[in-house]
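Features reported for this protein in Swiss-Prot:
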TOPO_DOM  18-484  topological domain 'Lumenal'
DISULFID  Cys27-Cys149  disulfide bond
DISULFID  Cys61-Cys155  disulfide bond
DISULFID  Cys107-Cys126  disulfide bond
DISULFID  Cys131-Cys136  disulfide bond
DISULFID  Cys208-Cys245  disulfide bond
DISULFID  Cys232-Cys349  disulfide bond
DISULFID  Cys378-Cys387  disulfide bond
DISULFID  Cys403-Cys422  disulfide bond
REGION    514-531  region 'Binding to the ribonucleoprotein'
ZN_FING   543-563  zinc finger
ZN_FING   568-589  zinc finger
REGION    586-603  region 'Binding to the ribonucleoprotein'
REGION    590-601  region 'Binding to the ribonucleoprotein'
REGION    609-623  region 'Binding to the ribonucleoprotein'
DOMAIN    609-632  domain 'ITAM'
TOPO_DOM  648-1104  topological domain 'Lumenal'
REGION    755-775  region 'Fusion loop'
DISULFID  Cys778-Cys902  disulfide bond
DISULFID  Cys804-Cys813  disulfide bond
DISULFID  Cys991-Cys1043  disulfide bond
DISULFID  Cys1008-Cys1013  disulfide bond
REGION    1120-1133  region 'Binding to the ribonucleoprotein'
Amino acid sequence: MWSLLLLAALVGQGFALKNVFDMRIQCPHSVKFGETSVSGYTELPPLSLQEAEQLVPESSCNMDNHQSLSTINKLTKVIWRKKANQESANQNSFELMESEVSFKGLCMLKHRMVEESYRNRRSVICYDLACNSTFCKPTVYMIVPIHACNMMKSCLIGLGPYRVQVVYERTYCTTGILTEGKCFVPDKAVVSALKRGMYAIASIETICFFIHQKGNTYKIVTAITSAMGSKCNNTDTKVQGYYICIIGGNSAPVYAPAGEDFRAMEVFSGIITSPHGEDHDLPGEEIATYQISGQIEAKIPHTVSSKNLKLTAFAGIPSYSSTSILTASEDGRFIFSPGLFPNLNQSVCDNNALPLIWRGLIDLTGYYEAVHPCNVFCVLSGPGASCEAFSEGGIFNITSPMCLVSKQNRFRAAEQQISFVCQRVDMDIIVYCNGQKKTILTKTLVIGQCIYTITSLFSLLPGVAHSIAIELCVPGFHGWATAALLITFCFGWVLIPACTLAILLVLKFFANILHTSNQENRFKAILRKIKEEFEKTKGSMVCEICKYECETLKELKAHNLSCVQGECPYCFTHCEPTETAIQAHYKVCQATHRFREDLKKTVTPQNIGPGCYRTLNLFRYKSRCYILTMWTLLLIIESILWAASAAEIPLVPLWTDNAHGVGSVPMHTDLELDFSLPSSSRYTYKRHLTNPVNDQQSVSLHIEIESQGIGADVHHLGHWYDARLNLKTSFHCYGACTKYQYPWHTAKCHFEKDYEYENSWACNPPDCPGVGTGCTACGLYLDQLKPVGTAFKIISVRYSRKVCVQFGEEYLCKTIDMNDCFVTRHAKICIIGTVSKFSQGDTLLFLGPMEGGGIIFKHWCTSTCHFGDPGDVMGPKDKPFICPEFPGQFRKKCNFATTPVCEYDGNIISGYKKVLATIDSFQSFNTSNIHFTDERIEWRDPDGMLRDHINIVISKDIDFENLAENPCKVGLQAANIEGAWGSGVGFTLTCQVSLTECPTFLTSIRACDMAICYGAESVTLSRGQNTVKITGKGGHSGSSFKCCHGKECSLTGLQASAPHLDKVNGISELENEKVYDDGAPECGITCWFKKSGEWVMGIINGNWVVLIVLCVLLLFSLILLSILCPVRKHKKS
């Protein structure tokens, strides 16, 4: 074992790519009763015949291989060769050589070996060989107790130059066999096969090993003779033994033949009718050529005197097992026949054999494991969310458009769990699991992160910090309003004067700028008037020497005195008395504004008179009266804003925030509603219809329309199969085409085109001297059949909704279809039309459990199907297997001295593979609450892809006198509450509702606090006690949720938990799809104050320490105010 591990670690990458192969063993995630074993196999590339005879399997698995497989087994080797003398070549120009050969580890299982390996926790590892005269293709088989699935994930098997990596894969099946994406549990009872209508039928791959054992109960040839109705003698002296089989790679041993086990009967029938079983072709060997040399008889063993086995010699790629056991002797004479097809046809009595290993499909009755709904929850993890999905049975499919769904599975008894990571929580997480759409509202996760952060910052008082955090972390404006309210209450006495001072400083800054600007503008106006007046009376103000325009008379006189003397009139600096020199000096002179400033001091007052700036300076922002007034006013305004913003979070698709009560409609005219409703949505309409003449007279109206149900009458077409198409050329030099039987003749679907007596020198191999004597057989057949889905053809489809109306004390219900109406004395409810994607004649294909939805095919062949069409290979229930037609043309390709080769120009890709390649072009649909038989399928659409056009008319002709009083009495009591207020997930309130005075009453029960209602549930009450669960979203920490009916509520309410960091469960889409409309009034100012008061009382009654802490903080702010802003002392006069 260790040598193998070391070798696997040291081999190069090229060796690993070429010589390491996978064997995948599928394990259910629960160990069932009985000696259950799991099995697997893998095909290996060819090696020489001499190497094949030296093979010995090795294993690094922690379950040791059964010891009996290490013993040497002897077989009779039969091989053919051409005769040395070919001068007179004919159809008998070849001969056989028999000899004894020894193998170690060949699949020659002993009696009770599999059972002992189960009890001793040992594995059975062996191999089989498919050989021609020069090379062999090994196939490795492994049988291991099911406990290995829990003990290891992988191990390594060595066989010659090859390494096989055994990988244990957990399926989502509890104990069943995975087929068609569903978990099938076969039933061995014969009665289930007789009553097939009560059971499902599935095609399961089976592996069988022949075990030679003498005894009267093991006379297998007698059973074969009886099954085929042949009259063979001396069956008691022929081979004895039985086949031990593992069904679907996961079952307890099945022994064939066994009359009391239907599984054994099917296996035995398959071995007799198709003794070669599945071929051993590797990928790329679907197209191959055989050259048949002819039939010959051999002596088994070689020491006997007479020939007792007929074989067919061939040359080409080996496709079928070369091991068998002779039927003519009870001593167990095993055969190894490379390059020879042994005669396995049991319709003749002599010269035949039985296959040592058989692999093929059998049809079994049984049942499919139930698909359980998924539970999905998420918790915050770093910047994203860590989620987990689990289901009671198994998870057959889980996807998410916004998460990285891993393959990490955990199993606890029958429960499967899958963990995955979502990188973003800024949007809701959508997960599709077991055909259900789950929505995880991540807003609650963000709330939890906020609470966690605030609580961590103030960890000295965790209880108080948490109580404050749950108020601050409510999303939206309400959280900010809460923060503003708490800050104002605690620190308002410090923040109000501080903020006022900051505002005053800003205002004074702008006032000062405005004041200065006004003074400058007035001074400029004075200068302009002085200049205009001087120019009118005395002339120009421009200096004659420097040409500078002066602003005052005093400045002009200074220019006239200084400029002449070559001095600057401002700074008295000497400069040349020229215009250019003086103008250049003015640009650098610092005193040019001297005369302007002197005049400004004369005309502008120095002190600022009373005005805005002075008023701001005199404002008493430290006044205790001002602070108290502002503090009180801010608390009132913020409380109103807080209460108004504490709205519920709307239910999808519609729930409006409303107060207690029900809306009323005066019946002046007929009441008509016309709308479109998605197929997944329920609709509730509730109103009080009032007499337009007398408002005191009213009748309650309650209409409930359930979600759309889809019912289709179908024809069960059966199971659709994927398959591989093989094209084999078989050439023999002598004889008619009917002379030989080829192994593919026993395949379920095959077709052959023969070119008989057409060979010539231009179309012959060099060792075939005959001309016009032989046959070229072109054989098409399907192998590797695998069921992939179940198909149903729609005969008719019906869309319906259940409609219930409570009009006063009258209660009526009816299920209406498309273009149908429900008419009562006062109401008419019609489905005018339905927008749908289903139509008569469509085919529904389910590629897995029907709970996961399916694909719609508009064109599905049901007769004259060609290979490659949708529905090409079908296995109908209780009918023979349906094979496709092969419409392509054959061509025999010939070359001189070359074996002819068949060519086929038709399609070679199966219909299933074509559909997978273009699957996005087909319409798909999801299902929920699906119920099905072979004749009918009923389900609901969880995605709302279909829509109904609904029209409701309520007549205005109502007898208000007799219908105004409703005798039904409803009593309410809040029993339990789960969930959290103010979160995205919401809460669920359980109400005990009693009904008296009438037998049945359709109404709605709502979840409300003192002010508003957050959710409602339409329910049909029966006389006595009823339990009603209401889902709501919203509220605050002081909300006491009560059960309400109209304006009447239960006496006591229950408080929901605070939103926190716990896991957030996914919400099923169907549970959330309801439209509720009762016309209740919206929340007004009175309602807002009720909410504020309820919140304050909730804090006082809840965690009163929080109120103490807030008051301490208020006292601290008052002390801080007295220190920073002391009261001014007034002196006594």
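Cβ coordinates are placed from backbone N, Cα and C, and glycine is handled just like the others.
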Same-chain residues near the region 'Binding to the ribonucleoprotein' (590-601), Cβ under 8 Å, at least 6 residues beyond its ends: 523, 527, 550-552, 554-555, 558, 568, 570-571
In three-state DSSP terms, the structure that Cys149 (disulfide bond) belongs to: helix
Residue pair Cys126 (disulfide bond), Cys208 (disulfide bond) - Cα distance, angstrom, rounded: 13
Cβ packing number for Cys126 (disulfide bond), 10 Å threshold: 24
Most crowded position, judged by CB atoms within 10 A, among Cys422, Cys1013 as disulfide-bonded residues: Cys1013
Tertiary neighbours of Cys349 (disulfide bond) (same chain, Cβ under 8 Å, six or more apart): Thr225, Ser230, Cys232, Asn233
Listed disulfide-bonded residues (Cys61, Cys232), ranked by Cβ neighbours within 10 Å, top entry: Cys61
Alpha-carbon spacing, Cys1043 (disulfide bond) to Cys378 (disulfide bond), which is rounded to whole Å: 30
List of residues, in chain order, with Cβ under 8 A from that of Cys245 (disulfide bond) and at least 6 apart: Thr206, Ile207, Cys208, Phe209, Ser251, Pro253, Val254, Tyr255, Ala256, Arg263, Ala264, Val267
Cys232 (disulfide bond) - helix vs strand vs coil (DSSP): coil
For Cys422 (disulfide bond): DSSP state (helix, strand, coil): strand
Cβ neighbour count (within 10 Å, all chains shown) around Cys27 (disulfide bond): 22
Counts by DSSP class (helix H/G/I, strand E/B, coil) across the zinc finger (568-589): 8 helix, 1 strand, 13 coil
Nonlocal neighbours by CB distance (under 8 Å) for Cys403 (disulfide bond), same chain, sequence gap 6 or more: Cys387, Phe420, Val421, Cys422, Gln423, Ile429, Val431
Cα-to-Cα gap, Cys107 (disulfide bond) vs Cys136 (disulfide bond), nearest whole Å: 15
